[in-house]
Amino acid sequence: MGFDNPRSERFEDDPEISKIPTTSGVKVKYHIDGTQIPEQSSKKSRKNETRNKFLKTRVLSRVFSEDYERVKKRVLVLDPRGQLIHRWNKIFLVACLVSLFVDPLFFYLPVVREEVCIDIGKTLEVILTVVRSFGDLFYIVQICMKFRTAYVAPSSKVFGRGELVLTYSKIALRYFSKGFWLDFIAALPLPQVLIWIIIPTLRGSTMANTKNVLRFFIIFQYIPRLYLIFPLSSQIVKATGVVTETAWAGAAYNLMLYMLASHILGACWYLLSIERQEACWKSVCNMEKSNCQYGFFNCHSIKDAPRVAWFIASNVTNLCSPNAGFYPFGIYADAMTSKVTSSPFFNKYFYCLWWGLRNLSSLGQGLLTSTFIGEIMVAIVVATLGLVLFALLIGNMQTYLQSITVRLEEWRVKRTDTEQWMHHRQLPPELRESIRKYNQYKWVATRGVEEEDLLKGLPLDLRREIKRHLCLELVRGVPLFDQMDERMLDAICERLKPALCTEGTYLVREGDPVNEMLFIIRGHLDSYTTNGGRDGFFNSCRIGPGDFCGEELLTWALDPRPSVILPSSTRTVKAFSEVEAFALIAEDLKFVASQFRRLHSKQLRHKFRFYSHQWRTWAACFIQAAWRRHKKRKEAAELRAKENLVAASEAENEIAKKYGKGFVVYGTRVARSTRKGVNMHSGTNSGVVSSLQKPTEPDFSDE
């Protein structure tokens with residue numbers, strides 16, 4: 001085969017011709033040694049040129065579905081999996097539902113007049129004609145769309161990816177063999193032709209049969225229109241997974257189908273009521289055979305003299321009353337009693353709709369039939385249809401509505417199981433209350449949605465984008481990470497997991513191994529230390545949104561040769577309020593530190609020291625100890641100066657009294673030198689407050 005585009009285009013070339021090498025459209029022959037022999041026959045050369053031009057102008061017949069975008073402007077054929085077809089299917093589904101609602105309204109065209117005749121409502125006739133004609137346009141457009149919609153070749157599905165057939169003739173032949181005639185019948189304007197062409201040509205007694213003709217044509221076309229909804233819904237479900245996007249829309253859709261069935265049943269009951277009323281008139285007419293004709297029940301003849309004379313002399317109005325007992329109206333007695341057949345359109349429509357809905361819901365239990373077989377069959381259909389449709393409605397409504405409350409019910413069941421387990425294990429009331437509080441807060445925060453399970457079902461690229469959107473600003477808010485490159489931040493974000501804490505929960509206690517770093521989203525934590533339980537030592541701080549804790553793990557992870565044993569916490573961290581955070585476990589932090597060597601940068605030393613609570617505590621204690629040492633040394637120096645001054649004055653006085661002034665000067669010098677030596681030996685033994693042990697210095701050097 002010859003290929004213009006090896007991936008997206010396919011031509012049905014002659015295999016033998018495609019194997020012959022050509023140069024500028026001329027066949028090329030070669031000697032045994034490889035030298036070229038030009039073609040001698042100009043006639044054959046022209047023949048080959050013509051053949052090659054023909055091959056280049058061949059119509060594109062097939063294309064792989066993923067390559068359709070490249071050739072769609074050239075072939076003018078629609079992709080059955082494209083967005084345009086999906087959007088049109090939804091529009092056409094709505095148009096089909098509207099048409100199914102409009103067609104039964106033609107049953108309301110016959111109207112019973114007070115003159116005991118049947119007429120056609122002209123205003124309703126015009127309105128229904130316009131609406132029905134507009135709806136028929138969608139069926140015509142659907143036929144045109146199918147003539148221009150490619151299909152997947154069945155033989156190509158074996159190889160895993162289907163090829164779209166783009167040849168117009170093949171598409172048309174396939175459509176003619178599958179579904180065209182059904183679409184054609186559904187698109188025919190049968191009711192319009194019936195009420196504007198056929199019925200006006202009828203005269204006399206044939207007008208009485210208008211109801212039968214109308215009922216036959218409407219039902220004849222209604223069945224294929226109703227059938228078209230099911231494959232159309234299947235196509236939408238196959239393309240998008242669901243017909244409706246939300247559970248409430250799905251429940252409303254099923255309820256609408258149930259109301260549509262009530263609408264159809266009410267319209268049929270109205271038309272059959274008129275037929276039963278006309279049957280009563282005919283029964284009276286048979287009794288008055290010499291003066292009555294069936295043509296008198298046509299409102300076109302109410303001004304005829306024989307008809308006027310018959311109406312004056314006849315007792316048809318009294319005999320055909322439901323209370324007269326002359327004729328068994330059966331299930332249609334309500335229409336006669338309420339005068340539905342002669343009421344304005346909206347009055348009779350809503351009454352008939354209510355009749356259909358009431359009997360469908362009650363499975364026809366309130367229907368009191370006569371002995372007419374046709375009437376009994378109608379009652380059987382109502383009961384059977386009501387049973388099936390009501391069961392479908394309840395089932396579908398339950399399915400859609402349960403999708404809303406299923407997580408709530410699961411949470412309630414889980415809460416019940418938790419209560420039973422706590423009772424079985426005889427947990428103390430305080431512990432039970434803490435468990436209840438945590439479960440309640442988890443439900444409020446997540447609504448039963450397991451975020452990690454949702455993310456696991458998504459592709460890696462989408463997971464990365466979602467984590468980046470949720471966590472990037474939070475991670476950047478940590479000063480220790482704000483200067484890292486994007487790849488490093490993405491690696492950290494990918495490994496963050498959501499965490500929840502209720503008020504009073506201890507995240508970690510002093511001396512326990514640190515398993516994770518926490519990045520706070522909302523809420524506050526209390527972090528404090530007693531320096532291993534030392535008397536008189538207490539240091540605390542408040543951690544809020546944007547802060548982090550568990551920095552001991554960072555020192556452990558930054559070590560090129562970290563120990564298997566996790567570091568111990570130097571602080572106790574307790575939830576001051578309900579806290580939502582992201583957690584980075586030890587193994588993930590170790591992986592990030594080992595993969596990205598830029599984390600081992602000396603530029604991070606000062607940031608790590610400044611924002612680490614452990615280093616802050618050590619620095620504060622170190623400064624306090626240094627200040628205390630300085631203060632004590634200063635006080636000791638002042639005290640020694642005073643003591644020296646007093647001792648010197650006393651010694652001078654004693655020497656002066658005993659030996660004179662010369663010995664005073666010499667004694668003073670000896671005393672000063674002696675005290676100076678004593679001070680030099682005793683100055684280093686002054687009391688010093690031992691400082692807090694210095695934290696382990698992280699190794700930022702590259703391996």
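Just so you know, the numbers here start at 1 and follow the chain as drawn.
Backbone N, Cα and C define each Cβ position, glycine as well.
As given in Swiss-Prot:
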- 1-10: compositional bias 'Basic and acidic residues' (COMPBIAS)
- 1-23: region 'Disordered' (REGION)
- 91-111: transmembrane segment (TRANSMEM)
- 179-199: transmembrane segment (TRANSMEM)
- 216-236: transmembrane segment (TRANSMEM)
- 255-275: transmembrane segment (TRANSMEM)
- 372-392: transmembrane segment (TRANSMEM)
- 480-565: nucleoside 3',5'-cyclic phosphate binding site (BINDING)
- 616-644: domain 'IQ' (DOMAIN)
- 676-703: region 'Disordered' (REGION)
- 681-694: compositional bias 'Polar residues' (COMPBIAS)
Within 10 Å of the Cβ of Gly546 (nucleoside 3',5'-cyclic phosphate binding site), how many other Cβ atoms are there?
-> 15
Counting Cβ atoms within 10 Å of each Cβ, the densest environment among the binding-site residues Thr502, Pro513, Ala557 belongs to Ala557
Between the transmembrane segment (255-275) and the stretches 91-111, 179-199, 216-236, 372-392, work out which stretch tops the count of Cβ pairs under 8 Å.
-> 91-111
Any chance the transmembrane segment (91-111) and the transmembrane segment (372-392) are in contact, meaning at least three CB pairs closer than 8 A with a sequence separation of 6+?
-> no
Contact set, same chain, for the transmembrane segment (216-236): CB under 8 Å, 6 or more residues outside the stretch | 86, 89-90, 92-93, 96-97, 99-100, 103-104, 106-107, 182-183, 185-186, 188, 190-191, 194, 243
A correct count of other C-beta atoms within 10 Å of the C-beta of His524 (nucleoside 3',5'-cyclic phosphate binding site) gives 16
How would DSSP class Pro513 (nucleoside 3',5'-cyclic phosphate binding site) in three states?
-> strand
Residues in the domain 'IQ' (616-644) per DSSP class, helix first, strand next, coil last, are 29 helix, 0 strand, 0 coil
Tertiary contacts of the transmembrane segment (372-392), as residues 6+ beyond its ends and Cβ separation under 8 Å = 254, 257-258, 261, 265, 268-269, 272, 276, 328, 330-332, 359-365
Cβ contacts under 8 Å made by the transmembrane segment (179-199) with residues that lie 6+ beyond its boundaries | 103, 106, 109, 120, 125, 128-129, 132-133, 136, 139-140, 142-143, 146, 207, 210, 213-214, 217-218, 220-221, 224-225, 227-228
Just how many other Cβ atoms lie inside 10 Å of the Cβ on Ala491 (nucleoside 3',5'-cyclic phosphate binding site)?
-> 18
